[in-house]
Amino acid sequence: MITTLITHVLNPLAYIVPVLLAVAFLTLLERKVLGYMQLRKGPNIVGPYGLLQPIADGLKLFIKEPVRPSTSSPFLFLATPMLALTLALTLWAPMPIPYPVTDLNLGVLFVLALSSLAVYSILGSGWASNSKYALIGALRAVAQTISYEVSLGLILLSVIIFTGGFTLQTFNIAQESIWLVVPAWPLAALWYISTLAETNRAPFDFTEGESELVSGFNVEYAGGPFALFFLAEYANILLMNTLSAILFLGATHIPALPELTAMNLMTKAALLSVVFLWVRASYPRFRYDQLMHLVWKSFLPMTLALVLWHLALPIALAGLPPQI
């Protein structure tokens, strides 16, 4: 009974609550970083240094009346934000920080499969809103996400060839002598840009395209459902950066001090997230055709070539003794 309680209630809560807290403070960090980059303060009224701003924001959104457009489809309209957040939080389960909540043998495949399911929540919300702006935003988001998933999958394949397994824990072991970002820096660069596009962040924020589509697929959402989408988006950003840190900046795992590994990984993920915000502050939005050209004409040939290269190298050098 107690074991069931721990595995089914306490363990999931112990990873969901910190993720949601991290998401809340990432929104504050974003506003602060953008503020200082635009030579202003950012939120600094609610609590010391504005630290309670995300809590006030969340409270404000959840106590608002959930307004639903009269022409929208009632069930799908409310189901999609819940689906988005559920998927975003489930994706954290196989993350080795340093021990995962669910020890999956094919962790990499699980992450890839679930992140592609997130497309349905965006498409469903755009369609259920019954608004042309929301639908255009949703269609753009789906096209963008599906396109960049191709390059993400191929990059993951190359990294798996390096590591020799689909289990996420093996990445930490494989990088004990050197971070994969050093021998595979082109992969790391392609991966980072693809994660920017995958999470719909600037300069690839076509889903939200404020100057064109009001707010994109979530234009008709207000209050609680909007907050769920918002949480899902930022949880995905943190997840992608944690995954980038695991894949390319692996933390050495000391069994006696697992907390050190967790702090190591989270520091790297936080720094990568700050670079996400820096990119947002620095770059204007791409044109849509340029975005598609980038992935199909540049990233796809490069990632395919790198997969073949990394496959060919060990076979070509198989006859050499290991000490060379």
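Quick reminder: no glycine exception, Cβ is built from N, Cα and C everywhere.
Straight from Swiss-Prot, the features:
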TRANSMEM  9-29  transmembrane segment
TRANSMEM  75-95  transmembrane segment
TRANSMEM  106-126  transmembrane segment
TRANSMEM  146-166  transmembrane segment
TRANSMEM  177-197  transmembrane segment
TRANSMEM  237-257  transmembrane segment
TRANSMEM  259-279  transmembrane segment
TRANSMEM  299-319  transmembrane segment
| Contacting positions for the transmembrane segment (75-95) when only residues 6+ beyond its ends and CB under 8 Å are counted | 15-16, 19, 66, 68-69, 101-104, 107, 110-111, 114-115, 117-118, 120-122, 124-125, 127-129, 168, 220-221, 225-226, 228-229, 231-233, 235-236, 239, 242-243, 246
| message | Given a Cβ distance threshold of under 8 angstroms, which distant residues of the chain, six or more beyond its ends, lie next to the transmembrane segment (259-279)? | response | 26, 29-30, 33-34, 37, 97-98, 172, 192, 196, 199, 201-203, 237-238, 241-242, 244-246, 249, 251-253
| field | Contact ranking winner - 9-29, 106-126, 299-319 against the transmembrane segment (146-166), Cβ under 8 Å | value | 299-319
| message | Let me spell it out: take the transmembrane segment (9-29), skip the flanking residues so only those 6+ beyond its ends count, and list any with a Cβ under 8 Å from a Cβ in it. | response | 43, 50-51, 53-55, 57-58, 89, 92-93, 101, 230-231, 234-235, 237-238, 273-274, 277
| request: For the transmembrane segment (299-319), could you work out the same-chain residues 6 or more beyond its ends whose Cβ comes under 8 Å from its Cβ atoms? | output: 148, 150-151, 154-155, 157-158, 161-162, 186-187, 190, 193-194
